[in-house]
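To start, the structure under review is shown below, and the notes come after it.
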């Protein structure tokens, strides 16, 4: 049985991870989106097991203690994390799993799952990054400048990923990601049985 | 400046490396073929620097002593080797270099150049491998059986490569290799400057 890929799409804040992942899932129906767990309360319309696995802080902490997360973080008092077991099970069954995750999370996943496919999304330019961050239009100038500087620092982390994909347009970025996935499906370690002839 | 790839195409005896490499070079004119050095005498029509760099045993041994080879081997009393310097220079200038090499040589290259693109060619089946080895038609049955067993052992080495490509037809195998190369050109480490925005 050929093993499925763990596709990790990451990038600095404002580089358009979400839009690219959505386009990829539309094009490749066989890829499953990894559902995260969180300790925050569900919002209107959110369903347990679809947007998130909703867990109490206590239940989440028990999962941490049991080593059940591929990575997790405490964001403004709420836990977010990626349960490892469902990912491993689905990959063993040959299914590709997509993880859309911030840079800190991705670096943690690299430690636990070095055989993942780590893709860093690059904004086309500093100006475009600025435009995308400003575009949300809800922050002070100081806050925006701070976010832009943080994003530039974060882009340096891209060097630690295997692949870097320019997100100039959603279509072109998704084309590049599909090329990467086609190649990764030819990795020797995804199908050890093929050497037994 | 984007760094060029070191493309290493390898595989067991009789898997059709030569034909696939030729097809790849026809399709991608930008890829340069790495010329080996040898201590054997030139044959009719062979030209120094085209088929091989022809060197005396003494000159070849001086190059070994100076650490000038990416890999080398003594085959039935003749040296064959891959000079490292021209490969590094051309990669630094952005050129992709193709190395067609046996499995022992490829494993040595992995040590010296871990950032190479290591592709292992798989024969479509044991029967086909048998047919290809028998096809040369110049050997005893015993010698053929020995070569077939050696080829099966050699195929196990494919697990150590990053990519495995089935050589069912030259066209399909070359398509797969081109997909791999397109993805490898998106590797983060091939273009570190893209993270300085």
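From the backbone N, Cα and C atoms, a Cβ is placed for every residue, glycine too.
As the structure is a computational prediction, the values presented were derived from the model and not from experiment.
TrEMBL annotations:
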| type | residues | note |
| --- | --- | --- |
| DOMAIN | A:4-182 | domain 'Guanylate kinase-like' |
| BINDING | A:11, A:12, A:13, A:14, A:15, A:16, A:17, A:18 | ATP binding site |
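Within 10 Å of the C-beta atom of residue A:15 (ATP binding site) sit 27 other C-beta atoms, taking all shown protein chains into account. Of all the binding-site residues listed (A:12, A:13, A:14, A:18), A:18 has the fewest other CB atoms within 10 A of its CB. Between the binding-site residues A:11, A:16, the minimum number of other C-beta atoms within 10 Å of a residue's C-beta occurs at A:16. Long-range C-beta contacts of residue A:17 (ATP binding site), restricted to its own chain and to partners at least six residues apart, with a cutoff below 8 Å, comprise A:9, A:10, A:11, A:100, A:121. Following the DSSP three-state reduction, the secondary structure of residue A:13 (ATP binding site) is coil. When pLDDT is averaged over the domain 'Guanylate kinase-like' (A:4-182), the result is 92. The ATP site, placed at the center of the C-beta atoms of A:11, A:12, A:13, A:14, A:15, A:16, A:17, A:18, has further neighbours from the same chain whose C-beta lies within 8 angstroms: A:121, A:123, A:132, A:167.
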